[in-house]
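TrEMBL lists Cys251, Cys314, Cys315 with the feature Zn(2+) binding site. Feature annotation from TrEMBL assigns methylcob(III)alamin binding site to Glu701, Gly774, Asp775, Val776, His777, Asp778, Ser822, Thr826, Ala878. Summarising the annotation, TrEMBL assigns S-adenosyl-L-methionine binding site to Asp965, Arg1168, Tyr1223, Phe1224. According to TrEMBL, the feature domain 'Hcy-binding' maps to 8-329. Per TrEMBL, domain 'Pterin-binding' is recorded for 362-623. Marked as domain 'B12-binding N-terminal' by TrEMBL: 654-751. Feature annotation from TrEMBL assigns domain 'B12-binding' to 764-899. Under the heading domain 'AdoMet activation', TrEMBL lists 915-1260.
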Amino acid sequence: MPRREEIFAAIDALAKERIMIIDGAMGTMIQREHLGEDDFRCIDSLRNHEKSLKGNNDLLSLTRPEIIRKIHKLYLQAGADFVETNTFSGTTIAQADYGCEHLVHEINFESARLAKEACEEVFAETGQRKFVCGAIGPTNKTLSISPSVENPEFRNVTFQELVTAYGQQARSLLEGGVDVLLVETIFDTANAKAAIFAIKQIFEDEGVPEVPVFMSGTIVDLSGRTLSGQTGEAFLISTRHGDPTAVGLNCALGAKEMRPFVEAISLNTTSYVLCYPNAGLPNALGGYDETPEQMAEDVGVFAQDGLVNILGGCCGTTPDHIAAIAKVVKGVKPRIPPPTVKANYMHLSGLEPFFIGAGTNFVNIGERCNVAGSRRFCNLIKNEKYDEAIAVARVQVENGAQVIDVNVDDGLLDGPYSMSKFLRLISSEPDVAKVPVCIDSSDFKVLIAGLEACQGRCIVNSISLKEGEGPFLERAKLIKRYGANVVVMAFDEEGQAAETERKFEICERSYTLLIEKAGYKPEEIIFDPNILTIGTGMEEHALYAINFMDSCRLIKENLPGCFISGGVSNISFSFRGMEAVREAMHSAFLYHSIAAGLDMGIVNAGALPVYDDIDKELLELCESLLFNRDPEATEKMLVMAQSLKKGEKKVDADANAWRNESVEERLKYALVKGIDLYVVEDTEEARLNKELYPRPLNVIEKPLMAGMSVVGELFGAGKMFLPQVIKSARVMKKAVAHLIPFMNAEREERLKSLGPEASQNPYSGTVIMATVKGDVHDIGKNIVSVVLGCNNFKVVDLGVMTPCDKIIQAAVDEKADFIGCSGLITPSLDEMVHVAKELQRLGLKIPLLIGGATTSKTHTAVKIAPRYTGPVIHCLDASKSVVVCSSILDDKTREEFLQDIDEDYDDVRSDYYDSLKERRFISIADARNRRLKLDWNKFTVYKPHVIGVETIIDLPLRTLVPFIDWKPFFDVWQLRGKYPNRNYPNIFNDDQVGPEAKRVFEDAKQWLEKLLTESEDSSYTHRLTANAIMGFFPCGSVGDDIQVFDPVSLKPTKKLYGLRQQSDKEHDQPCYCISDFIKPLDTATNLPEDYIGMFACSILGAQEIAEDLEKKDMDDYASIMVKALADRLAEAFAEYLHLKIRREHWGYSQDEDLDTSDLISIKYTGIRPAPGYPTQPDHREKLTMWELMPADKLCGISLTDSLAMSPAASVSALCFANPKSEYFSLGKIDRDQVEDYAARRGETPEDVERWMSPNLGYEY
């Protein structure tokens, strides 16, 4: 980065020689000119200006330049070394009050030129070098304080708006020739940080030679704080990343009042200290009465005490004051800046300073403001109960948290919005805002939003080498520009480090990069070497605590000056729910880890027992676990945990002892354990007990439903899992099936005796279930149906592809209590809206339940609920559907339950509409200008070995088994392990879901082998077969679209339409469209110079097998298993096909050598985006693909009305070979792109809106 070294050297030389002088007030001198309105508009461009301009002193550099030049000369002749340009209000923000934003460049440029001319004239007269300071005022807006008393989170300016405004001013001043940039009268440090950001951008990114930067804060009263609440020391820490040559205070106070605050600044900075106070405090009329001699006497003491390097005056001072000051400090030795301040300490700040180092002991980072770690905090943020959320932070500070960790990463939250709002609100709570913030997120946009909302020096948690050195350094440099310290995770391109050596190796590499390439100081770096969970029962996890401590020692020994942190609660995650054990483990772990070098940790500061107060036996077990001293430590700890809990029953070790219990207990046991061996026998025994169960229905209502109630409770509490519930359902179905003939016979007898009006309903309620029109996916629906059925609901399952009229007619015919609509693909969302509209039109009030993978509470609240006055409820999973139905049917709970839903959805809608207001779009024209721009001369276009269409019919299924990705299989069963056991095969290690995951996986393997064997035998009527079709075609990009050509005639045939990202992005990131990855048509010949591939593949036969299992065997579990395995095989088929395409059919990656895990991790070259998914969400592109390669005719893969593929176990995709191609999410698009896209497709915008509703960034 270039520097104007002569300026730095000249200032350094003067600073060592004497105390330097800066000028006095510009405004005071202008007032003495007694100027009128005409003086501010006496140039042609302003004569007819519509607003009053008097008081806009900056304009005088244009309208009365001789006055400004004269004032500069008077100060220079009085002894000033520095004169400030007449630009205190020289930003577009400040000039907006006068309607003069368009003059900002001219004002600043001419002001700099005038000051420079004055300096040159004085130099010619005296031979003394003088310096021009480009004055950058605070603007009339603030980032840290709301202008609205009623709305404390509101801000009338954004960080980036200030960056833009300050950047414009600074550039113009530099172009005008200033020697120094002076950011002055800082009453809000956040504004100053925006100025620093803008200045760093100019010097570091634009190649403008660096000049010295001076910074001057304003202490507004004798409390010693800025207007935004910071102390002087906190202000220094917050702005230290600006590397100011000089820093100090000006304005608001007179010299006497400013003394203690100047002293604090002087003691806490290695920069030169400048001070230019007012001429005393203002009098009753707003004037300043302190004479030059009085003021000189007071500031002279500053000089004699060695507090300052630069002195001058602010409001009320004149050239006489400056002359007096210059005289009194003449010959006084200047302050010698200390070489370091709190060396080897980490400098942080909230409203107050905070230092971490040798004398601070362990630092508690409060963990409760984390939506992932605190259910209460999560609910408060989601429900916009920010006052209560702030109280959570306040309690942490009261309990000893020295830093507050804030994390709002949740799928249903707008992360940047929630982070900004919470941090803005706590900025007005001094008892919380006094401590620094740790901005915690895995989303870099959320981190940036947090940084832009904090005036203090924060911690950013975190970045890592996961994506490689380039993104790591880019993010690190940006964080540094914002002025924050950074947490670096021990995570690199190969994954998370668990072993000591790997942890240290990653940290050492990161340390070197940050210091040598990103300009960090060691004390600005925090390493998190990954606190991982012990006590899982897995031998390979037993050393995790030891590895962490050992890595801490290595880091401290070899990476001097850095700090170490970690999420302490991770260590005890195996014992969640056992709080006494967890707290003891945390305390013991901290005791030993601090000794190993741990400096800080994210903990619940109010729940840490004193190490010596921990029960000795419990402590011994904790340390046995931590140091892996006893292989039985986990089991012993579980026993102790049980002894610490009350009221738990002992488990009978005899597996068959339950058979000796009463029939009621046997039925309950069978239902809970999913054992169907004796269920018919036991059900019959209960039925025959007429004294207890006079009617067959009573067996259902009492022992069977009692057992299922236990299942429901355990499932709701997370103590049972979905596969267990489905097995329980199978037991229940067998029991009910045994009773149905008896109930039917009883019903007929009673009907005969009571007449035709009598009826009996054995169910709690009736639910119509359907996968909506156009969608063939039903696994989720079937699971909900089973769970509802087992909870005594009559479920009328209409199957898949169900038209709206059929759903509503069935609901009317069945006198249904509920309608459940399910769907997986995006068009299903619109069909659900249609169902709601039709229910409303027909005047029905039947509660509408919405579910399926593509649905969300937000979409339900915003798009569906407003269309229907009946209840509309989003059901996240099967367990929620039971709660919803039961709550609505219960007269005691219905009203309150529905009221809560309405209030919740009102909040969701408010959040959504607020987010629309804050979301920024660029025009489609601008988005195209920001497309991915490739140098096509550097790319080799590979011609496919096969041109045209090829098919694969009845591929041996065993070929696909190695390509199966098992993680989504467990998602189907709602088995979700916790970190670090989220994915297959680690899920088996999860102590909560692991055992059930193993059991389901064993069933899956048996079923898979059965399906594979039967697929190899053509004698089976129903067997799985694997068919596929692929095509390769010449093509070229035309704007956002891809023109496809006939492979023989090279005539244009079909066009694939693209959509471009349109949300505003930071730092000139490209706005992607799929056409960016295809070489444009040759401009001379209009012929293609590139190729595109496509394929569709399917596993046929699964639906027929599943239907047989449902109808003949009444085995829903097996039916769902078959469909889930078919889905896995279809995805494996896609992975296999893409590999074959890359290596053989297209052949652009013939030397590729990747294993299955590499394929799943997308480590190959090229992409295969699927129409209807985030890269191109328009399902209609499949129609074009089917026209180019007739998958329906050649492979049996058809498209429904809503363009879902049938069979459901099907995959289709486009194939791109470009090594720069990458997956991206389109996100929201604006109206101008919708209109443009519709015009290109030859349709109306309304047509596009119907298909693209989830991606619309506006209401339609």
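Just so you know, the numbers here start at 1 and follow the chain as drawn.
Using the three backbone atoms N, Cα and C, a Cβ is placed for every residue, glycine included.
Please treat TrEMBL annotations as automatic predictions, because they have not gone through curation.
The maximum pairwise C-alpha distance among Asp965, Arg1168, Tyr1223, Phe1224, the residues recorded as binding S-adenosyl-L-methionine, is 21 Å. The C-beta environment of Cys315 (Zn(2+) binding site), restricted to residues of the same chain at least 6 apart in sequence and closer than 8 Å, consists of Ala25, Gly27, Thr28, Cys251, Asn278, Ala279, Pro282, Tyr288. A 10 Å cutoff on Cβ-Cβ distances gives Arg1168 (S-adenosyl-L-methionine binding site) a total of 24 other Cβ atoms nearby, all chains included. Of Glu701, Ser822, Asp965, Arg1168, all annotated as binding-site residues, the residue with the shortest Cα distance to Cys314 (Zn(2+) binding site) is Arg1168. Where the domain 'B12-binding' (764-899) meets the stretches 8-329, 362-623, 915-1260, the count of C-beta pairs under 8 angstroms peaks at 915-1260.
Here Glu701 (methylcob(III)alamin binding site) is positioned 42 angstrom away from Asp965 (S-adenosyl-L-methionine binding site), judged by their C-alpha atoms. Burial estimate for the binding-site residues (Cys251, Cys314): highest at Cys314, by number of other CB atoms within 10 Å.
Here the CA atom of Ser822 (methylcob(III)alamin binding site) lies 27 Å from the CA atom of Phe1224 (S-adenosyl-L-methionine binding site). For the Zn(2+) site, the Cβ centre of Cys251, Cys314, Cys315 serves as reference, and the other residues of the chain with Cβ at most 8 Å from it are Ala25, Thr185, Asn250, Ala252, Tyr276, Pro277, Asn278, Gly313, Gly316, Thr317. Counted with DSSP, the domain 'B12-binding' (764-899) comes out as 66 helix, 26 strand, 44 coil. Taking all protein chains in view, 12 other C-beta atoms sit within 10 angstroms of the C-beta of Tyr1223 (S-adenosyl-L-methionine binding site). Mean pLDDT, taken over the domain 'Pterin-binding' (362-623), works out to 92 on the 0 to 100 scale.
Figure note: comparing Cβ neighbours within 10 Å for the binding-site residues Ser822, Asp965, the maximum is reached by Ser822. Between the CA atoms of Tyr1223 (S-adenosyl-L-methionine binding site) and Ser822 (methylcob(III)alamin binding site) there is a gap of 28 Å, rounded to the nearest whole number. Set side by side, the binding-site residues Glu701, Phe1224 differ in how many other CB atoms lie within 10 angstroms of their CB, and the most is found at Phe1224.
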